[in-house]
Amino acid sequence: MTDKDNQPENVVDLASVKRAKTATSKPRHVKKQEARAEKARKAEANRVRSGRSKAQKARDKAPTEKLHRLVDASRLNKTPDTDPDS
């Protein structure tokens, strides 16, 4: 009898599982291509739905955020007048 004959039925041969997984898995570059394609599909759907891309929204939002930060900073830098007579 061989070792495989002595093994219980629920024991899995890990070497054969690894070979099967390697044989059926996709190469890394294919997975990356598919991920990029999916990202492009989602971006296109977002543009269709909202009319603008994420980059366009970020560009529109950036100047107002910068202005708000400058205003907040100027408010913090102002010191209250301690002498009301001047």
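Glycine is treated like the rest: Cβ placed from N, Cα and C.
The region 'Disordered' feature in TrEMBL is assigned to 1-86.
Beyond its flanks by at least six residues, the compositional bias 'Basic residues' (18-31) meets no residue of its own chain at a Cβ-Cβ distance under 8 Å. The compositional bias 'Basic residues' annotation in TrEMBL covers 18-31.
Under DSSP, the residues of the compositional bias 'Basic and acidic residues' (32-47) split into helix, strand and coil as follows: 16 helix, 0 strand, 0 coil. The compositional bias 'Basic and acidic residues' feature in TrEMBL is assigned to 32-47 (among others).
What TrEMBL records for 57-72 (among others) is compositional bias 'Basic and acidic residues'. Residues 50 of the same chain sit 6 or more residues outside the compositional bias 'Basic and acidic residues' (57-72) yet have a Cβ under 8 Å from a Cβ within it.
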